[in-house]
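Novice: Would you mind keeping the following structure in view while I ask a few things?
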């Protein structure tokens, strides 16, 4: 949706656009750009014209705007005096008259007291602590009951319709808990019984039950379906809340489209309407635009009360201001009330709000109008420094290190949170608040909940569709919700068609491979095993394709939960829609796979049999989809669901009835096949294939010429003496105990499974859709808990955090410790005419344009710019961290070009705080120091320096805390301090780069970080730091500024000057407006540059290029180069020999340190190691006792080989366990450690491969014990047992190296998984178990020889059964009568001499019993498996392991290290 080519007649381009030169008191309409204003007018005009069309419900005249007021020309989109704001108000008024208005949002809370569960202290679990847990059972029981921690203490307040409340407080003050509580998000929280909380008189309990969606909590994370476009996302939201009576009698579809168009215009999204929303993996709109989509979606929810928890994080001040102004617009036009927590609120943002509340460690210390808050605290005795914003001042009051008392008031002002609360409750402002609350309660009495909700209910019922339940909180009826969700599901499929088609192509490839393995199976007894194998593969591959649905359902669960909380739909209706939309996709998959498979394998060429086969395949596909969807719905996380699915898959495959036929099943597990849907499908498909058919026998016993009478028998099961044909029904009865009469019974059973699992899935989706929240806590290593957190030690702590933020704030340096132990800085880094070009969609785009500058030791340089100007891009280019594009220009150190050591000698503090989750703070710092400081520095000195950094950053209290994850580990500020600390621990010799070090921090934490950077610079460090929009005070800490406009164009580089005077003089003297005394220079500058031209119409970039300041920069760069070239020789002489090397430490030291760290990581991840062990033990025991005491009959030998086949089936889950962990390690290495030249990629890869091996050896031992002794027993000698143990260990080692080979070059585990499945299934299919090598088509024989499982199965099988005597079962014997006057032995002597085997009753003259084998080796020889090859096979697997390691190394180097543009990444 672009801007119309021409305006409606009489319109002015500048209507309703307020001058941007006013720093304060902006209109809420400011957030609507000029282009979007025109767009809104076009929508209004089109709507007016739509109402004038013949046949429309209302036919007003051309000048009849939405509110039917003929006289008001400001409401006519075609009028010169058209007012956008008035038109929107009129539209809301018109909507109100038609039942479209939202209920007014008002809330009152009195004595609101909230407690949280969870310990303030957690200990890091390790493999050791988990294994020794039984020994600590009594201690665990004693500490099981944890007293609830009080988070909020007696809050009082009221918000009326159309009000905005700003919630201020430092991290841990209770802001999030407060917002969650007032919105009913109380999972893991407990509200005291004495607390009063109601919405216009309606209790929270009734609100959550009947009017969910009227009160909404918005987290800072944007959750959307990535493949939907912006318009589709917003039209869905509008359709879900479309009322029964619609604006100007539109249809539902018209209203949804119209409402989406309006909000896209209001929030500046019209240009993105056809762009995917996207996410971290799917390309879509920008992060800021995605945030606006979230805001627009919530606006369409038409909720009267909303809470926003730090939703502006990551936005610059200008974008954050637009966000808040959007809320202002929503409040003004729709009467909504919004509570917003913002960490860094500029003055402009602050002034948009009506009320503000200040929280201090769980206590409310102010609640009232924004205009009186500053005066209140100044009257209390606190001083607000000049140019500090009101928001920063109010937050600073809660930090003892930041607040300043007025002279003479130091002993009078409150000190503790409790003191502040007492002062507040005694103040006249509090009494005014109580009066306001009393007045609100008079208007909305709380005594009669039913009466208070009557108005809400009436409005809701007026909006609800015809068939909706009156008590339902949803506007749409359930059938309409299903219809809407189904439409969206098809949109998602269509927008991601490549994924669907790749799945179809994958199924076709698998069908071609599998079908060709069993190609043209003969319609004789020789085809019995091939046909059975074909149908077994067919039913399994149809059934197990649905397993991937678990991950897709988990990826969408947060979105469904969010939209259910907005009262868009029942989660169950989304689940139903997902199943419905899957029908055509699954049908396409079934056709693609089954048609190819069926005809390639030469299954029964009869129409009825083909359609029965297809019906069973399609049905079992849906049944298993329901099973896996149910698993996803009843579990709490994807790991649980996948673990459960892995165990279930093993049970389903074993008890399908093929690898372990029903007669061979043991009573303790036999019951499983009755609960196995695949069993019923397989029986039906086998019976369907073999019923009513007679198969020619191709092998007779004995195979003499001129056989007649009953003197011979077919060698196949189900044969009858003297018959040359074998009945298919007889064969399946003897081999499987299957019968054709069960076919339609089994179909009925499958339908019952389908209905049952679908019902559980829909129910679980509805009831298990909420996630619980836990209190935040620090995690420490056992034995390293700091003294202040041990029981009995008293120290003020924040109830919401494990440690208060003030406890871990980097304190101001004491007078005795002002000098930092930094290396002396002598080098100056300069860059000249840097440009950077990349190619986007085939077109070149310039991101940086002739940027020049320098960073000198002892200076703090700020890098700023408008949103999208290329700040981070410039930092990446200067730090040599770009991997694509063309860079032109020059970079120098002391006037000389950069060498290989440049990246090692610079520190780069990235915006993302990436650290190893299992390491402690001290370990993270030591790792950096050990590898990045020169080899000439001893390990002791490196450790001592780390302690200095810990003290420098004030991290002593949590130095032994584990990094962890947000919520269980370091908080945002602590992570940021650690990120800075890691770079300082490396002792950067040249300079320190920092990218947005204050992003996501509150203003006090930002101040602490910047003052620390100032301290670093004063100690001689060179610092270059990007920053969004600092406060005026914070801005003054910097020495120099490099400011970029859009396109990476320089508009200023130079000193800032006292009170920013040098900078302001430059802009004011070149045509910018005067900067107001009270204005923030940083905000002023953004505003001036955003205008793109000065008052003379000249572009600021051109102004800079023609300025004397620009010329001075070029001259200074040349002067630096000349001066430094003269002293370079002296400097180089003092450097040690390793100065110019790529890495600071030798390779073997790197490998040692990295390997130790990875070992530590594995030891501290008990869930990973225990899950590996559980898989090995549970799968080993299950297979072992399923194939327990394998007999040496023909069926017993076959089941023993199939037991090895099932052990091989563990390969895929083993590999899938390893890959995600490797991705985590690699992300940390490639994003932070490799660019810093901490250690080589070879050390990284080798360490990760090495550390897996000991655990894989352990898993092999566990599997050997659990599998071998139940199946084979302990009768074999230690040499045979030892070899089987070696094969088991080898299998696990091979799996780990195979995983590294597959994942090494792949971007993520999801991409690598299909490759793993394809390679694994190929290896398994061609290993000789399912189809002996002699039966394979000639083309595929090479795969039999290539498959590593061929040699592993052969080695295992022959070692287990070599030399064992075969004892045929009764149904395996060939029974026939010898000719007259001959015994069975005499009659069979000639045959046995050629074919082998044994006659069990040689002296009998009738009913000869012949067994085709004597020893097990003969059975294996038919598959080319020989005892003499066992050690060769063992050796060949090691060759495969070596090959895996080689390929992993090669592909990692080729695809992730080597640059293909001629340069190498080192």
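Placement of Cβ uses the backbone N, Cα and C atoms for every residue, glycine included.
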Novice: Of 25, 735, which does Swiss-Prot mark as N-linked glycosylation site?
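Specialist: The residue tagged N-linked glycosylation site by Swiss-Prot is 735.
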Novice: Which one of these stretches, 642-662, 663-683, 684-704, 705-725, shows up in Swiss-Prot as transmembrane segment?
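Specialist: Of 642-662, 663-683, 684-704, 705-725, Swiss-Prot gives transmembrane segment for 642-662.
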Novice: From 1-30, 91-120, which range did Swiss-Prot mark with region 'Disordered'?
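Specialist: Spelled out, Swiss-Prot records region 'Disordered' over residues 1-30, not the other listed ranges.
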Novice: DSSP on the region 'Disordered' (441-469): how many residues come out helix, how many strand, how many coil?
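Specialist: Once the DSSP states are binned, the region 'Disordered' (441-469) shows 18 helix, 0 strand, 11 coil.
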Novice: Is it true that the transmembrane segment (583-603) and the transmembrane segment (499-519) have 3 or more Cβ pairs under 8 Å, skipping pairs fewer than 6 apart in sequence?
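Specialist: They do touch: at least three Cβ pairs between the two stretches lie under 8 Å.
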Novice: Ten-angstrom check, please: count other Cβ atoms within 10 Å of the Cβ of residue 866 (ATP binding site), all chains counted.
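Specialist: I get 20 for this one.
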Novice: Only counting partners 6 or more residues apart, tell me which same-chain residues put their Cβ under 8 Å from the Cβ of residue 869 (ATP binding site).
Specialist: 1044, 1045, 1046, 1047, 1048
Novice: Near the Cβ of residue 310 (N-linked glycosylation site), how many other Cβ atoms are there if near means within 10 Å?
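Specialist: By my count, 22.
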Novice: Take the C-alpha atoms of residue 768 (N-linked glycosylation site) and residue 870 (ATP binding site) and report the distance between them in angstrom, rounded.
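Specialist: Cα of residue 768 (N-linked glycosylation site) to Cα of residue 870 (ATP binding site) measures 44 Å after rounding.
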Novice: Within the chain of residue 523 (N-linked glycosylation site), which residues six or more apart in sequence place their C-beta under 8 angstroms from its C-beta?
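Specialist: When sequence neighbours closer than 6 are ignored, residue 523 (N-linked glycosylation site) has 602, 693, 695, 696 within Cβ distance under 8 Å.
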Novice: Among 111, 310, 735, 1381, these being the glycosylation sites, pick the one whose CA is nearest to that of residue 866 (ATP binding site).
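Specialist: Its closest listed neighbour, by Cα, is 310.
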Novice: Between residue 310 (N-linked glycosylation site) and residue 868 (ATP binding site), what is the CA-CA distance rounded to a whole number of Å?
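Specialist: Taking the Cα atoms only, residue 310 (N-linked glycosylation site) lies 22 Å from residue 868 (ATP binding site).
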Novice: Looking at the binding-site residues 865, 871, 872, which has the shortest Cα distance to residue 249 (N-linked glycosylation site)?
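Specialist: Its closest listed neighbour, by Cα, is 865.
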Novice: Which is it, of 871, 872: the one of these binding-site residues whose Cβ has the most other Cβ atoms within 10 Å?
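Specialist: In terms of Cβ crowding, the pick is 871.
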Novice: Measuring Cα to Cα, how many Å separate residue 865 (ATP binding site) from residue 735 (N-linked glycosylation site)?
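Specialist: Their Cα atoms are separated by 77 Å.
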Novice: Is it the case that the transmembrane segment (1195-1215) and the transmembrane segment (747-767) have 3 or more CB pairs under 8 Å, with pairs at least 6 apart in sequence?
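Specialist: In this chain the transmembrane segment (1195-1215) does not contact the transmembrane segment (747-767) - fewer than 3 Cβ pairs sit under 8 Å.
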